[in-house]
Amino acid sequence: MCGLCGTFAPGGGLDRTAAATMHSRLLHRGPDETYSLSTPVLTAKLARLGMTALKDGWQPAEDGGGRFVAVTNGEIYNADELRGRLGVTHSPNRVDVAVIPELFARYGPAGLRLIDGQFATAILDRADDTLHLARDRFGISPLYYTESGGQLHFCSELGPLVRSVPGTWRLDLGAVDQYLQLGNIVAPRTLVRDVHAVPPGSVVRFGAGRVPETVRYWRYGEFETGGPPVTAEEIRHGVRRSVRDRLRGDVEIGACLSGGFDSSTLVMEAAAAVEKPLRTYSVVFGDALLDEHRFQREVAAAVGSEHLEITCRDKDITAEFEEMVRRCCYPQRETYNVAALMLSREVRSSGLKGVLSGEGADELFFGYDSYAFDGYGRTTPPSRAENESAWGRADFSWEVDWRQVDHRRSDALTQESVEALDGREFWRDRLIPFTDGEAAKLTPMQMRSVADTSVQLGSHLLGDHGDAMMMANSVEGRYPFLGNPVVDLALRVGDDEKVADFEGKACLKAAYAGIVPDTVLRRAKQGFTAHGLSAVAPDPLMTRWRDMVAASGVFRTDALERIAARGAAGKWDTRLSVITISMVIDELGLRGPA
């Protein structure tokens, strides 16, 4: 992937300064080459991380008629198939993303649903000087935008956008409220007021004298489970195809190996697809409760990979935590993003700039424990009006802890901040792209899958944990479980095939029995975790962070103490959320709500 930025001024008076500044702050995303697009109404730049068509591909890319021109960050894995469909197989521009303006010319926004890939793109329609900003189905590639002084600015990262566009930037208190209850900020909302994220699977259109219009071209959740059962061979074929598509390119691709089932499955498939030993990368923790190295080494030995480990210690978290937050400008609940940042640094230092990663399997194949609880032995969930507002049905609440809803506000926020919310609960905004009637047709497990994908996958797992941590070190993450061949299968598999005997991903595990080592196949699920706050924040550092919280203007000066006094709340340490939001406020110079 790359770093995309630009400024669009359909009414005239285009100022190219902000785009140049944003580009200079995105070079870590694309150190190999710079592409530019310059018209009277648009200036766009791409910092390229070269992965494919290194000698015979370029950007910007145009459709054959010259009406649509696009600058794109990302990868299109079915580009050859799409070229054949579009009849442009002989185009001299072999860069995969060149199919995007062709698709747009032929089908409009709906054409983007045909793409198997990850992308964020800016498409200019020269016929009427309208600009279209779009993201891939799941939001693997980020894209932010803001309108200021009659100009639209867009950027792959939130930080460079805010730092480069002059103005007084304020904290979006609604995003803080949303995060304190959900542990996520759902697009289009961001921590910065008036800065928006293009929603996954969507196109936002801009033009002179028109209100920005968001069109969703695809959404996850169109389940079709009434047909013949999906076989183990079909599942293996889908995963294998998706893995092999993501190994293509002009550079070598490695794989992250956590020691869990998902990453191990991808490593088994990838190792079988490449001629020389696959290169695999793992994080090892000093804490025995967190460490998974014996499973990692077993899988690496089974495939004969060239395996590299890094050790993440308390002192590493302490040293790099603030840098991690600066890179992602997103609140945190845990410290594990530091381990992800360190891992991507090791990948790049070893000479690679792309890795496979296992995100998406739990959401698509119902791997989290909560799915099993949805399907077994539960009484009818209590109905709440708040749920209906957020999810379209009163009997579904996702991960909201009702015991903590009021406490998280009262313990963390100043009275002025609470009053500024004006009685509104932002986590009750509609969080999924479904109407009440559509949500009512989903089973409880399907509903949870849609919620997990809409709320947590794009913004967090693929966002601050994925893209931000990898691209900080010029490394592209590729996600085979989110490939079209796998997603199409997952939407056909029934609930009872995904969750069996209180175990999630049952069909996926059955398909890989005898292939993935049995010790990995049978082990209990362990998320990618790291050290807690108490282990990594010595007194001097905690004092600094406490001062940052007090200076935020949003949180109580005693917020950390009040939260701690209420006791532990599982893996989510709300103190970390308060601290990291304060860090983002400080880093971006945000003011409180007016």
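Here the Cβ of each residue, glycine as well, is placed from N, Cα and C on the backbone.
Mean pLDDT for the domain 'Glutamine amidotransferase type-2' (2-209) in the predicted structure: 96. For 2-209, the entry in TrEMBL reads domain 'Glutamine amidotransferase type-2'.
Annotation source TrEMBL lists active site, for GATase activity at C2. In sequence order, R29, G30, L46, A47, R48, L49, N73, G74, S156 constitute the residues six or more apart from C2 (active site, for GATase activity) in its chain with CB-CB distances below 8 Å.
According to DSSP, D96 (L-glutamine binding site) is assigned to a helical segment. According to TrEMBL, the L-glutamine binding site annotation covers D96.
Remark: G358 (ATP binding site) has C256, S258, G260, D262, S263, T265, L266, Y479, F481 as non-local neighbours, by Cβ distance under 8 Å and separation of at least 6 in sequence. DSSP assigns G358 (ATP binding site) to coil in the three-state reduction, outside any helix or strand. Residues annotated as ATP binding site in TrEMBL: V283, S357, G358.
A 10 Å cutoff on Cβ-Cβ distances gives E359 (site 'Important for beta-aspartyl-AMP intermediate formation') a total of 23 other Cβ atoms nearby, all chains included. The site 'Important for beta-aspartyl-AMP intermediate formation' annotation in TrEMBL covers E359.
Taken residue by residue with DSSP, C2 (active site, for GATase activity) is part of neither helix nor strand, so it is coil.
The record assigns V283, S357, G358 to the ATP site; their largest pairwise CA distance measures 15 Å.
The 10 Å shell around the Cβ of V283 (ATP binding site) contains 26 further Cβ atoms across the protein chains shown. Between the C-alpha atoms of S357 (ATP binding site) and D96 (L-glutamine binding site), the distance comes to 21 Å.
Cα spacing between E359 (site 'Important for beta-aspartyl-AMP intermediate formation') and V283 (ATP binding site): 16 Å, rounded to the nearest whole number.
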